[in-house]
Amino acid sequence: MAPDPVAAKTPVQGPTPRYFTWDEVAQRSGCEERWLVIDRKVYDISEFTRRHPGGSRVISHYAGQDATDPFVAFHSNKGLVKKYMNSLLIGELSPEQPSFEPTKNKELTDEFRELRATVEQMGLMKANHVFFLLYLLHILLLDGAAWLTLWIFGTSFLPFLLCAVLLTAAQIQAGWLQHDLGHLSVFSTSKWNHLVHHFVIGHLKGVPASWWNHMHFQHHAKPNCFGKDPDINMHPFFFALGKILSVELGKQKKKYMPYNHQHKYFFLIGPPALVPFFFQWYVFYFVIQRKKWVDLAWMITFYIRLLLTYVPLLGLKAFLGLYFIVRFLESNWFVWVTQMNHIPMHIDHDRNMDWVSTQLQATCNVHKSAFNDWFSGHLNFQIEHHLFPMMPRHNYHKVAPLVQSLCAKHGIEYQSKPLLSAFADIIHSLKESGQLWLDAYLHQ
């Protein structure tokens, strides 16, 4: 359907509401004009994307689409946010238009919204501050124990190794806590979440909060959607991911890597390398290129603290060795945990599906246990986390049975597996997609 030359000009809001069809909204998904729909209201976000507090890309990923459910999922004070959005309002959907596109399951969406209302009434969106305080204290204890190990027992091999393990655990657990704060799930106000987020991710880890939010919010908005989820940006230059994209790549006769061997070289360029050889340097480029000076200042305090506490005990050379070992161990831990929920799942281009279908087809869980909860920072409840990204993690297990019932009713697969099986499935999926690429490359 060709765009109407009259309608192509963005109308000015007047006293009488302007009405639009889904076709008109869908046409505004490019670089010049971007519209989206929330609760049947049509908003022109073309200029606003650059000022969006959550980042320009995450909101742009919903241009031309209904964004009601992600809007609810990502914003705490929705009434206040909508007041600020009034200046972007240009009209609403015509009365004869459905509330969302035909690619979305109406019954599933309606029932999920009822489930969300139930979850809020049950108080499952409210944080237990004692839980998070104890969690922070356990991180500080691990961090302090690492230094005390060297101070008390000296710098021989075994104390050095124990220090590295304790410091790695502290770094990983700080990573899980900053994840909670980045999702605004610890405090009732955004201000306090942001402030403590800077402390945990910046001072305790040496990572910029703005970089994490920029990347992670996109992942949650469109998980496993190529071109929109930065977590799968390693396709196609390093890995061929997913059945559909791998076959597509093979048919195009593109070969950046020997993908049929990717399940082998994953062990070399995946878990061991991501943090020490990429994240470690890229975060500095990010904050300097985007002039995020507050983030840079927090990061510098992390390195000053480490230098002042460890160099007097170890000397500079041994300290640098310790730092690299910690980042190496952290990288392995981080990559296996963060990839086990998504890489084995469906990966495709954005098909503009409803919120529940988008999250469930791209996400799986790992069975609950005290160790799995701690080891993964409760990311073993990835399905619940993706459906309710602002829910405090200590409530995931409470909402899980309700989510399972919703999935069973609508014939949606709810995957949960043992931890080691989840790790193995990463390798199995890489092997399968690599073979699919090879078959398409050679024979299609």
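Note that the numbers count up from 1, one per residue, in the order the chain is shown.
Quick reminder: no glycine exception, Cβ is built from N, Cα and C everywhere.
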Swiss-Prot annotation of motif 'Histidine box-3' - which of the ranges 47-51, 357-361, 382-386 it falls on: 382-386
Range among 11-15, 216-220, 226-230, 391-395 that Swiss-Prot annotates as motif 'Histidine box-2': 216-220
Topological domain name match (Swiss-Prot): ASP23 vs ILE300, membrane: no
